[in-house]
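Undergrad: Straight out of Swiss-Prot:
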type     : residues                                                                             : note
BINDING  : Arg85, Gln90, Ala107, Lys108, Ser109, Gly110, Thr111, Gly112, Lys113, Thr114, Cys115 : ATP binding site
COMPBIAS : 465-475                                                                              : compositional bias 'Polar residues'
COMPBIAS : 484-504                                                                              : compositional bias 'Polar residues'
COMPBIAS : 508-518                                                                              : compositional bias 'Basic residues'
COMPBIAS : 547-571                                                                              : compositional bias 'Polar residues'
COMPBIAS : 646-668                                                                              : compositional bias 'Low complexity'
COMPBIAS : 698-711                                                                              : compositional bias 'Polar residues'
COMPBIAS : 733-744                                                                              : compositional bias 'Basic residues'
DOMAIN   : 300-449                                                                              : domain 'Helicase C-terminal'
MOD_RES  : Ser188                                                                               : phosphoserine
MOD_RES  : Ser270                                                                               : phosphoserine
MOD_RES  : Ser472                                                                               : phosphoserine
MOD_RES  : Ser501                                                                               : phosphoserine
MOD_RES  : Ser506                                                                               : phosphoserine
MOD_RES  : Thr552                                                                               : phosphothreonine
MOD_RES  : Ser561                                                                               : phosphoserine
MOD_RES  : Ser653                                                                               : phosphoserine
MOD_RES  : Ser655                                                                               : phosphoserine
MOD_RES  : Ser657                                                                               : phosphoserine
MOD_RES  : Ser673                                                                               : phosphoserine
MOD_RES  : Ser678                                                                               : phosphoserine
MOD_RES  : Ser679                                                                               : phosphoserine
MOD_RES  : Thr689                                                                               : phosphothreonine
MOD_RES  : Thr706                                                                               : phosphothreonine
REGION   : 27-50                                                                                : region 'Disordered'
REGION   : 465-573                                                                              : region 'Disordered'
REGION   : 642-753                                                                              : region 'Disordered'
MOTIF    : 63-91                                                                                : motif 'Q motif'
MOTIF    : 212-215                                                                              : motif 'DEAD box'
Amino acid sequence: MAAAAFEVPAALTTSESTMAAERAAAPVQAVEPTPASPWTQRTAHDIGGPRTRTGDVVLAEPADFESLLLSRPVLEGLRAAGFERPSPVQLKAIPLGRCGLDLIVQAKSGTGKTCVFSTIALDSLILENYSTQILILAPTREIAVQIHSVITAIGIKMEGLECHVFIGGTPLSQDKTRLKKCHIAVGSPGRIKQLIELDYLNPGSIRLFILDEADKLLEEGSFQEQINWIYSSLPASKQMLAVSATYPEVLANALTRYMRDPTFVRLNPSDPSLIGLKQYYQVVNSYPLAHKIFEEKTQHLQELFSKVPFNQALVFSNLHSRAQHLADILSSKGFPTECISGNMNQNQRLDAMAKLKQFHCRVLISTDLTSRGIDAEKVNLVVNLDVPLDWETYMHRIGRAGRFGTLGLTVTYCCRGEEENMMMKIAQKCNINLLPLPDPIPPGLMEECLNWDVEVKAAMHTYSSPTVATQSPKKQVQKLERAFQSQRTPGNQTPSPRNTSASALSARPKHSKPKLPVKSHSECGVLEKAAPPQESGCPAQLEEQVKNSVQTSVEDSSSNSQHQAKDSSPGSLPKIPCLSSFKVHQPSTLTFAELVDDYEHYIKEGLEKPVEIIRHYTGPEAQTGNPQNGFVRNRVSEDRAQMLVSSSQSGDSESDSDSCSSRTSSQSKGNKSYLEGSSDTQLKDTECTPVGGPLSLEQVQNGNDTPTQVEYQEAPETQVKARHKEGANQRSKQSRRNPARRSSYRVQSEPQEESWYDCHRETTASFSDTYQDYEEYWRAYYRAWQEYYAAASHSYYWNAQRHPSWMAAYHMNTVYLQEMMRGNQ
């Protein structure tokens, strides 16, 4: 198959499509256009275009919407939105709905069910009454936003129409304001229930209740309780519509309890699959480890993308984490990939859907969040990375391809054994023609031609693709000036790599390895990494780079705008990157130093949890001053100490207490030998100790602040020795007899760390002169370490010594490095 890349003009030139793109990419607060806007949005599929349409939407005898006896504004809105001829389900269901009957509508995915209830709702409105008359519920926020866009597009000719969407992730104050003047309310069950409870939404005025994807809304354990609550608050005299592509028999019978003599509108109930959709499956090897199966499926997916030409593809996964991981893998391979899942915020989800519908991405990795109701007409390939849990989900997933009678392709990857048997049961239940994927994949597997609205050009064998500037020259100049001002500030002598790469170093190739972000741990003494010298430069050079980059960006933007004005057309599409499968990539190797940097970055910030470094050795010379990270200070309150005491007492047995007391006594012996071996000059220094306990480090540093109720006296050498002996013996006895006093003593004993630290700070200055031998130097530090832990009677360090978890961490890190080296080989 000849290598080809798909490229289209860079920007839309018509005001209609430009405003549609801005509307879809806007934040949640601006998802709704005003109904009085002078532009119209095309929502319907272009059935008169070059794409093939099957019998799912094409009628044997042509008909039009005027034969359905709709009002004039609705007919004009349908024509403006692009609806030319009704589909079979629209032709049968709209007249029954206009008669006021309760309907249960079942039709194949992508055959125009949203237009059915949107037309019925708009034609039954009384615009002079500004109360909420129609309530539409959808299982996901994305479906609710899509329904709102269809209603506003069809109702563009209805003056004064107020239709709003109410979903989670938006402020309640905004919903309260919109409900003061709202004809049609579209939303998710959770937010609608909340608005009714807060008396923001008056359910007494609702005359039409619509359930889109009714089988999902009434599914047990999903939204059933919320739907029942909302239904009980609505008036008894109302019309109700239930719409879905799949209806289990049990659920269809249960729907009759909500309705008054409902009318079933079913098209092809025995054959729910689309005519123009080819369905394949591929069996992969099964492994005990899940990540091995995922790796093999990913390899098959990349091979499929490289051999099957497609417009847009949807890849479904059963797990959120696996979907995001797959999106990262495909993005690293060069595929324009986006990811959408339920754990993303609302702005990210709407942005991903806007990119899919506006053809700004070729591949969308998703969970079952987008398996229902989402309409993207250019999607002609659906891949199930995991087998769905039920046949309804499978039918909704594959229904994202082949929209409105077009041709499409679906591939399902299943493991050998259980998943394969589950896939066969789904095929038997749905009466579908499921075929094994040919190996090798033939060139003509995708029947639909790709040149219907995409320009095909020969692929260029390049290793770096130029980035397309998406901002205006004025904004680029402002960003460069802000970056230059930040470099000249006295506090920022070392510019961050992020600013330099965004401004003066914008010409860096795309495939270069990015810098790993490093967080500054001010409380731990870890400084942020400075930029390389060649990137920072002097202010004069930086200013010259800024001027040059501004001039080049302005010239490039002006030339691009002139070129676009010549080549663009009203029916063109936004420019997107081409698939990397048609390019030759340069192999990249990593050095051991880069692997170590990657490992340290993963340990510190890989899981987005900052790591506090409590011990940081920078050499004997750097230890003479105040350490950056600081030793354990008196930061534990009495409540925290009481919690530590209770937790240690519940987990420690009697034998643990004995071992701790013996360990303390042995450490006190080491303390005695250390104090006897100390220098005479250190003992001659005046050492003031309070009767109630030694001073804390904060009290020593703040000499002006005198502590209350503390008396000072001289502490000779004998008192220091006796205090350590008695303190070690009394701690082991009092830990058994009076555990309540242990917490207060523990808080008092922590300032001993500070006094030891003051003494240690004075003695370390002479270590470099006294201990010239390397072994003797570390032996002195070992004695100081024993002295420190003898003074710190903290259960944290006891548990650390009793449970050596550092060995487990060492083995884990060893295995991690071995796996990385093995993968590199």
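Quick reminder: no glycine exception, Cβ is built from N, Cα and C everywhere.
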Undergrad: Hey, how far is Cys115 (ATP binding site) from Ser188 (phosphoserine), Cα to Cα, in Å?
TA: 19
Undergrad: Around Cys115 (ATP binding site), how many other CB atoms lie within 10 A of its CB?
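TA: Cys115 (ATP binding site): 25 neighbouring Cβ atoms within 10 Å.
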Undergrad: Sorry to bug you, but what's the C-alpha spacing from Ser188 (phosphoserine) to Lys113 (ATP binding site), rounded to the closest Å?
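TA: Lys113 (ATP binding site) to Ser188 (phosphoserine), Cα-Cα distance: 18 Å.
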Undergrad: Where does Lys113 (ATP binding site) sit in DSSP terms: helix, strand, or coil?
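TA: Where Lys113 (ATP binding site) sits, the three-state DSSP reduction gives helix.
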Undergrad: If you measure Ser109 (ATP binding site) to Ser188 (phosphoserine) at Cα, how many Å is it?
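TA: On Cα coordinates alone, these residues lie 21 Å apart.
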Undergrad: Given Ser188 (phosphoserine) and Ala107 (ATP binding site), what distance in Å do their CA atoms have, once rounded to a whole number?
TA: 22
Undergrad: Would you identify which of the recorded positions Ser109, Thr111, Ser188 has the most other C-beta atoms lying within 10 angstroms of its C-beta?
TA: Ser109
Undergrad: Just checking, which of Arg85, Lys113 (binding-site residues) has the fewest C-beta atoms within 10 Å of its C-beta?
TA: Arg85
Undergrad: What is the number of residues in the domain 'Helicase C-terminal' (300-449) that are helix, strand and coil, as DSSP sees it?
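TA: Helix (H, G, I), strand (E, B), coil: 63 helix, 30 strand, 57 coil.
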Undergrad: Which residues in the same chain, at least 6 apart in sequence, have a Cβ under 8 Å from the Cβ of Ala107 (ATP binding site)?
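TA: Sequence-distant Cβ neighbours: Pro88, Val89, Lys113, Ala245, Val265, Arg266, Leu267, Asn268.
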Undergrad: How do the residues of the motif 'Q motif' (63-91) split into helix, strand and coil according to DSSP?
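TA: So the motif 'Q motif' (63-91) is made up of 18 helix, 0 strand, 11 coil.
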Undergrad: Pull the DSSP breakdown for the motif 'DEAD box' (212-215) and write it out as helix, strand, coil residue counts.
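TA: With helix first, then strand, then coil, the motif 'DEAD box' (212-215) has 2 helix, 1 strand, 1 coil.
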